[in-house]
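Step one of this worksheet: look at the structure below.
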């Protein structure tokens, strides 16, 4: 407490003498000394709770809840429309939006799992190629070939970028992986035979 407080004391007699007061009055008042205590006040942190409306480099992603300095908000984020001050209504809307996004992610994952089950229960997809010497075939089987066969047999559109095939240059049975979702991968069998 001693470090944060400064004590100033003054004598009322010296104050009265300077104004030409009575010395009798001055002697009576000199017995009483008054202490004036000044406490150091801490500077309050001026921050604002904001929600980002768009990605801000070195600060955060869209929809993120942050504490930023008042000046930064007032001079940069507000004029550019990149952030908004948090209100209880805005927090409730944000929570409802997050719940909706979670439900959508769950629905997409379930659809991917059902599609993976369909692909795995179909059996093997048959690919015909012109045969060469021994088990060799002319050319190779590509992801686009597998996508075309899936579309013909199951009437499902599949992006060729999600298909992962080993290098196929001979006849035989191979396993291809279809990454339908970041957490769901379907394994399908591909039978390659020569004409």
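Using the three backbone atoms N, Cα and C, a Cβ is placed for every residue, glycine included.
For the ranges 63-90, 91-118, 119-146, the feature annotated in TrEMBL as coiled coil maps to 91-118. Remote same-chain residues near the coiled coil (91-118) are listed as 51, 63, 65, 154, 156, 178, 180-181, 183-186 (criterion: CB distance under 8 Å, separation of at least six residues from the stretch ends). The list of residues near the domain 'Ribosomal protein L9' (60-87) in space but at least 6 beyond its ends in sequence, with Cβ under 8 angstroms from a Cβ of it, reads 46-54, 94, 97.
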